[in-house]
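See structure below.
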């Protein structure tokens, strides 16, 4: 049988499907997620249920968002899970997660994310950060390194700044390719994202911060002065105490927020 077939389902490349099969890893992830009935538990991309089954067993109801119609049908007919699940068939990148919030309950979101959409999905989820208590995701190890990077690190970029603006980022464990069927060509890792109740560096307009980061990191090897010359003058960099000769990966989240807030003040 092809290595792409697992539990009778053929992994679909266009959906980025690699199914988690290592029980030890599954148990550790479920322990990190800490399922409970005090939150709305939400799984993105339940796949064949490696995380779905142990999480659903521990709680009264689990909401899942799954794009693959074949997998949705399997879940709807699952002898154990069908009565525990609220299933939304659709694209998580387009999904309005705020509709899942109920009074007095924030979301706990988790999933073994398709690696081909993980970065845009992170940006989408940050828009709902105020409604989310915790997020636990299996990602390409390289993406976890980007999420958790420090200034000056080559992995530090736009995703880093936006993730650390919204959340505390905690790498949880590394997962080798043989823990999946079929094995991916890259190493994986689990990350915990804890949205801030109060942001350490509040931004006056997060859209300005997002655009500033996009512009700054568009040409990583060039200086801030070069990349942001249409946005901030040398005098304004000096006022902020930021050296415009530095490269974008050398600037902290706090400094990016300070620059964005200055842009907001100029636009007011």
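Numbers run from 1 along the shown chain.
Including glycine, each Cβ sits where the backbone N, Cα and C put it.
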Open item on the list: Just to be sure I read the record right: 18, 20, 45, 66, 91 are listed as binding S-adenosyl-L-methionine in Swiss-Prot. Which of 77, 112, 116 is listed for the same site?
Closed with: 112
Task: Longest CA-CA distance among 18, 20, 45, 66, 91, 112, per record bound to S-adenosyl-L-methionine, angstrom - done: 20
